[in-house]
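Novice: Submitted below is the structure of interest, expressed as C-alpha cells.
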Amino acid sequence: MQRPTYSHSPPLHHPVPQHVSTVPQLRSPPPLASSYDGSPYQPQPQHQAPSGTGMFGPYANFINDPAAQIATQFGQSAFRHGQEYFEQNVNRFVNVTALKHYFNVTNSYVLSKLFLVLFPWRHKPWTRRQAPGGGGRPGQENWYYLPPRDDINSPDMYIPVMSLVTYIFLQALISGLRGKFQPELFGYIATTAVVVQIVEILGLKLGCYLLSISNESQLLDLVAYSGYKFVGINVTIIIAEIVNGGKGTGGWVGWMVFLYTFLANSLFLMRSLKYVLLPENNNDRGNPMQTMHPLDSRAKRNQRTQFLFFYSYIVQLFFMWILCRS
C-alpha cells in the first residue's frame, strides 16, 4: 500500500509578539579599589561642602553680605534707642532705680518674711538697718536703708506682687471647683483687688499729706506694705476651703482663721510703718529718710499714732473682709 504524496506541504504559522520589549543592558560593576580589605561593606565617599559655606550652608553668603550686616547694626541701634526712650519716659512716673531696690530679694528672705508676716508676735527688733553712703556734704555722711536681702525689716514688692497674683488664680480655681468659672472672672477678681489697692494707697497718701509726713521713698514703701495683707488672705481662703469642704470662708473655722491673719497683719503694719509715720530724730546721722521735724509738737505725734492705728486695724479689717468674701 502506498502513501499519498502531496505536491505542496501546508505552511507553518509562528506566533508573532504583539508588544516589543527591550531588554536592559547589564553592565559589569566597576573594579574595586586597590585598598579592598575583603569586607563587602565599603565606606561611601563623603561629599564636602564647597568652600566658603561652612555650617550655615547656602545661607553663609547672606550672613557675610555687607547689606545684611548693615541691617543688623541698624536693628541693634534702633533697639538700643527704643530702650533708652522707654526708660526715660518711665522714669518720669516711676524711679526704676529705686524700684529695683524692692525686688532685691533672696529665697531665705522670702521664707523669713512670710513667717514674719504670719507670726509677728515675738519678733524684735523692728527698726530697719542702715549703712553709710558717699555723696554727702563735707564732714557729713549720707545714710541709706539696706535692701531686703540684707534686712528682714525692709519692705519688698516681690511678696506683695506674687501674693496678689496668687490671690487672683486662687479665687478663679475655687470658682472652677464649684462649677462657676467663667473667663471674665479673671478680670473681675483682678479689678477688685487693684481697686482696693489704689483706694488704700490714696487714703494713705491723703493722711500723710494732712499730717505733713513725707520722705523720699514713702510712696513705694506704702505700696509694698499695703500688699502684705494678701498673704493672710490667701492663707485664710485655703484653710477655710479645705476645712469647710468648699463652702467658702463661712463657719467658725473660717472666721477664726480670718481673725488670726487679720490681727497678725495689723500688728505687722503697726510695727513696720512706725518708721514712716512716727519717725525719730536722726539729725546726728544725716538720715535722708527723716520725716518729722524735731520741733513737731506732741499733739501732731498723737495724731499720727491715731492715724497709724486706724489704718492698721480698721482699714485693714474692712479691705481684708471684702477680698476674702469676693
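Heads up, the Cβ atoms here are built off N, Cα and C, so glycines get one too.
Sharing the feature lines straight out of TrEMBL:
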type     : residues : note
REGION   : 1-56     : region 'Disordered'
TRANSMEM : 157-174  : transmembrane segment
TRANSMEM : 186-210  : transmembrane segment
TRANSMEM : 222-240  : transmembrane segment
TRANSMEM : 252-270  : transmembrane segment
TRANSMEM : 307-323  : transmembrane segment
Novice: Where among 157-174, 252-270, 307-323 do we find the most Cβ pairs under 8 Å to the transmembrane segment (222-240)?
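Specialist: Top-ranked stretch among 157-174, 252-270, 307-323: 157-174.
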Novice: Could you give the residue numbers and ranges of same-chain residues that sit at least 6 residues beyond the transmembrane segment (252-270) on either side and whose C-beta is under 8 angstroms from one of its C-beta atoms?
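Specialist: Beyond its ends, the transmembrane segment (252-270) has Cβ neighbours at 116-121, 225, 228-229, 231-233, 235-236, 239-240, 243-244, 308-309, 311-313, 316-317, 320-321, 324.
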